[in-house]
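Colleague: This is the structure I have questions about; it appears just below.
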């Protein structure tokens, strides 16, 4: 493994929880996913949250079979060296794919909102530089940065909600009728898109198991992170519709930004969207960094490459991929939705299920051998 793991740098469960919160709210709180079910998006988020907890438990059960080992290592233990290595390489490509996609989300958000004349490549380069600098210092530095930034994010969320209420911008009647398309449509949307994005993407946290002080607390911490993140996403979905109405919310690429742009409290406090934009950039930063680091750890593990050289290599790949994948933001969003259907399932459902079944079989064999050993010890001499 990379030298970071050899140096045994650990993060606490509290730091892990904060990273999970940033990860879940990252670009999921930014991008408009349900253009035709805006009124029910908050329900969809809650359903996806519950399903996400079940899925994350499956991830953790498999990881607990080989405590302290990352996904790319225990995959080889469960399905054999060759198949496990191929699976590990595919996961590396998946993490690189997600890093580039999230980087594109971030650069488009910044370009559309504040830097309209700045080329995407420049914004993306600066973001990659920031991510590489933090990860160059180590994973624990990223975790401590998450703790510091959490204060700013929570403050903006609280103040923003209070100002929306005081400015009388929230109209709850916009949320009715509830489930106008029926619960079947809600469940379909939750499984098809919102479970994969962002909850199932937490498969990347299985790469960080060696960094945890208490690996046995991974599942509980994940539950807490999913619940907190899920309620924040549901609340933001409620605000988007209650403030702007379904028509405007459907047309907005970044609805939350438009929502807080409606805050006008007296003559002195307006355009809160600029402050909210900064917190959205923070969330995207952590999600990019976590996918980035998962790819780096995977490459270091499988190919035994030096950590910092791998960091530079991944930075170049991610930067290029973020620029060439699609020519426009609209096509990028469409490509993202297609990936939830054709790419994500293999890595967040099918492979994890195969590993989970292999872990069940492995544990069963271990218990059988244990009982056989005990029988021989207690049997006649």
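We count from 1, first residue shown onward.
Yeah, the Cβs are placed from backbone N, Cα and C, and that goes for glycine too.
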Colleague: Taking 42-59, 60-77 as the choices, which stretch does TrEMBL tie to transmembrane segment?
Modeller: 42-59
Colleague: Would you please say which range out of 223-243, 244-264 has the annotation transmembrane segment in TrEMBL?
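Modeller: Here TrEMBL associates transmembrane segment with the stretch 223-243.
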Colleague: So which residues does the transmembrane segment (121-139) touch in its own chain, when a touch means Cβ under 8 Å and the partner is 6 or more beyond its ends?
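Modeller: Distant contacts of the transmembrane segment (121-139): 4, 9, 11, 103-104, 106-107, 110-111, 115, 145, 208, 211, 285, 288-289, 292-293, 296, 308, 311-312, 315, 318-319, 322-323.
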Colleague: Do any residues, 6 or more residues outside the transmembrane segment (145-166), come within under 8 Å Cβ-to-Cβ of it, and if so which ones?
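Modeller: Counting only partners 6 or more residues beyond its ends, the transmembrane segment (145-166) has Cβ contacts under 8 Å with 14-15, 18-19, 21-22, 25, 134, 232, 235, 239, 243, 259-260, 262-263, 265, 269, 272, 275-276, 278-279, 282-283, 286.
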Colleague: What stretch of 12-30, 42-59, 79-100, 311-330, 342-361 shows the most Cβ pairs under 8 Å to the transmembrane segment (274-299)?
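Modeller: Maximum Cβ contact count belongs to 12-30.
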Colleague: Tell me whether the transmembrane segment (42-59) sits in contact with the transmembrane segment (223-243), defined here as at least 3 Cβ pairs under 8 Å among residues 6 or more apart in sequence.
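Modeller: Contact between the transmembrane segment (223-243) and the transmembrane segment (42-59): present, because at least 3 Cβ pairs are under 8 Å.
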Colleague: In the same chain, who gets a Cβ under 8 Å from the transmembrane segment (223-243) while lying at least 6 residues past its ends?
Modeller: 16-17, 20-21, 23-25, 28-29, 38-39, 41-46, 48-49, 52-53, 56-57, 157, 161, 164, 169-172, 174-175, 198-199, 202, 249, 252, 255-256, 258-259, 262
